[in-house]
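Enquirer: I'd like to ask you about the structure that follows.
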Amino acid sequence: MPGLRRDRLLTLLLLGALLSADLYFHLWPQVRRQLRPREHPRGCPCARRASSPAPDSAAASPAPRAAARNFSRAGPGTERHGGRGSKLQALFAHPLYRVPEEPPLLGPEDSLLASQEALRYYRRKVARWNRRHKMYKEQFNLTSLDTPLQLRLEASWVQFHLGISRHGLYSRSSPVISQLLQDMRRFPTISADYSQDEKALLGACDCTQIVKPSGVHLKLVLRFSDFGKAMFKPMRQQRDEETPADFFYFIDFQRHNAEIAAFHLDRILDFRRVPPTVGRLVNVTKEILEVTKNEILQSVFFVSPASNVCFFAKCPYMCKTEYAVCGNPHLLEGSLSAFLPSLNLAPRLSVPNPWIRSYSLAGKEEWEVNPLYCDTVKQIYPYNSSSRLLNIIDMAIFDFLIGNMDRHHYEMFTKFGDDGFLIHLDNARGFGRHSQDELSILSPLSQCCRIKKKTLLHLQLLARADYRLSDVMRESLLEDQLSPILTEPHLLALDRRLQIILQTVEGCVEAHGEQSVIATDPAEQSAPDSSQANLTS
């Protein structure tokens, strides 16, 4: 009998220990998460960096500047810098940035989305998200006072989507972009998940695929309280670090500051083909770990020996803590790029770049060894009849300025047909080396010897002292709360590369004549024979 009583006591003690462990490690964190009140964002100096010490109770996202300036408008109250007028405001006030765009927008066929159809689709998405969120709370017995989300028609991301037209992702005079950048900086997150690229790699990573090492280009999809979405790319390199000379372009880091700078440069060039992008200090604990429902993402978080919260990509050959990104201890710099409309609403075409590079450790593509390659391209649809080739050259000029060698594909909206603009996505491998100008990126321009007159006029304007490219970029980037975005050598490299572009065009004009090189009409596609002169060098 005493032995039996002792067994019962041991059994009760074991059950009590298991129950206590379950309460402490599982139920109590869930209850504490729900009871913790949401902190309101606290302001922080715009120059604050993720590398600076941050207290544990830091806000989820620092407040943006008091008012985001609308760069597309310039008036008598332009901001002064160092006692001089704003070069950026003067640039956007220039007549070149106020010329009506051609062709004029005539009707619904020139807008990407039909507003009523888009709003019905977004209402269904919000309703489905509310249902799933309710089911998730019921499954884990979570209680919260969160009210169901409502779609606000005036939300900046909705207006951004409705404003996309044949001319670009946004109009010059649109005040929506400044509001969208501000909203992405300050709105709390309500969910976090892997991107579709990352999900495609989960559990199926091929160690022979050196093109996409998932752990090196980790990115997440964040959804905000207004139901807008953005792609988050965390900081992987310090501002003053250059890509090592021995690195291949396809294994280079993806830099968050390159995404931010690319958006500003694209707007200065008047392309308006890069989605709005802004920098933000993200609290990886509160704004990612505590809002994600993805158990795989939850499982890759850990605390480093330095007591910083870190996470990494879940991929068989990259599940190593040395590939992780870490907060300090919770705050982590990153870029947020606004999502484009869903493919269900606005299908996009992904096309291999004719000047694609060889994504292998050895070997070259035809354009790298054949100086007459452009003549072949000009015989192929759609480069033989539309403005597609001129748009490719625009993209090459943009990539040369930022030093991006990783443009293997380009995307465009199918609604706008062959003459639609190219979307300049994924610019994070730019601004890697300020000390080197990779002339091969300019091959579409130097081999085809064609350029839009509009593009050339903008480049010539930005080469003038009054509108110097490095100066207007420096001023534009000051608006981001992670400023400085680029180091001074990167800014000066923009001026140097701009001169190289203009010299290349000048050489083309000398060889073929201005009429053959400069396309006045975007639809004009006749081009000189590359066999007459090769200007690759």
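Each residue, glycine too, has its Cβ placed from N, Cα and C.
Copying in the features that TrEMBL gives for the protein in this structure:
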| type | residues | note |
| --- | --- | --- |
| REGION | 38-85 | region 'Disordered' |
| COMPBIAS | 45-74 | compositional bias 'Low complexity' |
| BINDING | Lys233, Ser337, Ala338, Phe339, Leu340, Glu411, Asp426 | ATP binding site |
| DOMAIN | 301-518 | domain 'FAM20 C-terminal' |
| ACT_SITE | Asp406 | active site |
| BINDING | Asp426 | Mn(2+) binding site |
| REGION | 516-537 | region 'Disordered' |
| COMPBIAS | 527-537 | compositional bias 'Polar residues' |
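How about a rundown of where these features are and what they're close to?
Expert: The number of other CB atoms found within 10 A of the CB of Ala338 (ATP binding site), across every protein chain shown, is 23.
A simple way to gauge crowding: the CB of Asp406 (active site) has 19 other CB atoms within 10 angstroms, across all the protein chains here.
Sequence-distant contacts of Asp426 (ATP binding site), defined by Cβ-Cβ distance under 8 angstroms and a gap of at least six in the same chain, are Asp406.
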Enquirer: Taking the Cβ of Phe339 (ATP binding site) as the centre, count every other Cβ atom within 10 Å, in any protein chain shown.
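Expert: Summing over all protein chains shown, Phe339 (ATP binding site) has 17 other Cβ atoms within 10 Å.
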Enquirer: Give me the count of other Cβ atoms within 10 A of the Cβ belonging to Lys233 (ATP binding site).
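Expert: The Cβ of Lys233 (ATP binding site) has 27 Cβ neighbours within 10 Å.
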